[in-house]
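Straight from TrEMBL, the features:
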type     : residues : note
TRANSMEM : 6-28     : transmembrane segment
TRANSMEM : 40-60    : transmembrane segment
TRANSMEM : 90-111   : transmembrane segment
TRANSMEM : 126-148  : transmembrane segment
TRANSMEM : 205-238  : transmembrane segment
COILED   : 254-308  : coiled coil
TRANSMEM : 330-353  : transmembrane segment
TRANSMEM : 373-400  : transmembrane segment
TRANSMEM : 420-445  : transmembrane segment
TRANSMEM : 473-492  : transmembrane segment
Amino acid sequence: MGDFNLALVIVAVVVCVLVLIFNVYLLVNYQHPDDANQAYFPKIVVVIGLSVAAISILMLPADVANRQACRHAIYNGACNLTLPMKDLWLAIYIVDAILVFFVIPFAMFFYEGDQDKSICKRSKSAVFWVAVTALMCGLVLGILYGLVGKVDFTVRHLSSNTTSFPSSWDFRGQQCIGNSKQCSAYLAPASSEKTWTMQTTFPEYVVALATIVGSVLFTIFGGVGIACLPLGLIFSFIRRPKAVITRSQYIKEATELGKKAKELKKTADSLHQEERGGAKGRKWRKNVKSVEKELLQLEEDVKLLEEMYPQGEKAETAWALTVLGYLTKLILGIIGLIVSMAWVAHIVIYLLINPPLSPFLNEVFIKLDDIWGLLGTVAFAFFCFYLLLAVIAGAMMLGLRLVFITIHPMKWGATLMNSFLFNVGLILLCSISVIQFCSTAFAYYAQATAAQEIFGHTLQSLRGIKYLYKYNVFQIGFIILAGLTFLYYAAFGWKRRKPSGRFQIFN
């Protein structure tokens, strides 16, 4: 047992180091050239935030593996060499909440401040807004914790008669001694059901409320993303450019794009002048978001034009790589569609139908563990990560279509730090809900873990919140949005985009 735990600690340390290195790699390759050799504080926040999000997702499989170290113990307390997973869960999610509600907003306010102002003034402005946010969050959390920070566990009061020590143990199939039925949870009357109320700890309450906020976003973005992630890749292949355009067509479309770029630059300069003049009203913000959408659409048009007319000495190679890229999207889309369908089927079979028709994916993971010790854990981690990717895909899709959502696209070699920070905050906020959702969906596989104790018992018994989980509000909303998104793609996804005033050449 001791060797197992030592190996588990070593694996955990190695994984944390690899996650940190990978996130630094992402930052270096995704950052915009304008942010090179500057904006170090936001970059540190981005790396830490991505690392916390990735580690929090990986902690659930680690929790399952950690529990396996005590599978031969009579009770959990008899195993003293396992990792203190409950303390680690609370620590990682308190850090998560601090990053989401305090550190990342400060970094965004500081980064987006007027560059003409001094660092001191920008810092003061960012601290002011973060202090206002902290004060409001503290007041809300304190009031809610004082009023409804309790958990209500439903229990049955059981009792039994006494009798002399028997000479034989034949009770003839009776659960209780004598005529009493109070010792059996199945035979006890309804009057034996009681409510056991206790005050939850403040860290657990903070995690619970953060989970609720994340669950709302998870239901919306995850429900949309679970369908649009694979279907977007598949329909991207369907709408792909079929052939290279002629040089004359390229010159014509490039000229139109150049004119559009000049118009956008002129509009952006005008908005910047209004910002300096203090005219940052509702109309100004609406115009800024419109320009952001137009700019993003222009970048996509430029990229598509470059794909349709590759240039240089390796033009044929570039076109071949483009074709291979779309084939890769098709393959990944088909794999993703299978995973998405498995997720939706599992939610319906295991969560929405009571009693569950089958453990489904839980049983798959257990059988994979029987084949090789960590195979089921790896598959379990893959399904959790896929759900997080679906949330990100759903946020990107809705951000392109809803006016009130600020667009923060992630592009290779062209992502500004404010976009990085926004997406990291979104990932961190939703990662809590992904873990809670996975711990519920895979409760049979992840049974007796610290995560299930926090998210499966305390959260679902929290006063004022438990009804959202009792009636499967988030799961039902998830399935409905997934179905609507599927119908949207079935009706419109195959159609080629035809932006007004931009090139529309497809062969």
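Every residue, even glycine, has its Cβ placed from backbone N, Cα and C.
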Of the listed stretches 90-111, 330-353, 373-400, 420-445, 473-492, the one with the highest count of C-beta pairs below 8 angstroms to the transmembrane segment (40-60) is 420-445
Cβ-based contact of the transmembrane segment (205-238) with the transmembrane segment (6-28), 3 or more pairs under 8 Å: no
Using Cβ distances below 8 Å and needing 3 or more such pairs, separated by at least 6 in sequence, tell me whether the transmembrane segment (90-111) contacts the transmembrane segment (473-492). no
Could you name the stretch, out of 6-28, 330-353, 473-492, with the greatest number of CB pairs under 8 A to the transmembrane segment (420-445)? 330-353
Find the member of 6-28, 373-400, 473-492 that has more C-beta pairs under 8 Å to the transmembrane segment (330-353) than any other listed stretch. 473-492
Averaging the pLDDT values of the coiled coil (254-308) gives 80
What else in the chain is close to the transmembrane segment (373-400), if you only count residues 6 or more beyond its ends and a Cβ gap under 8 Å? 53, 57-58, 60-61, 64-65, 217-218, 220-226, 228-229, 232, 293, 296, 336, 339-340, 342-343, 361, 364-367, 406-410, 423, 426-427, 430-431, 434-435, 437-438, 442, 445-446
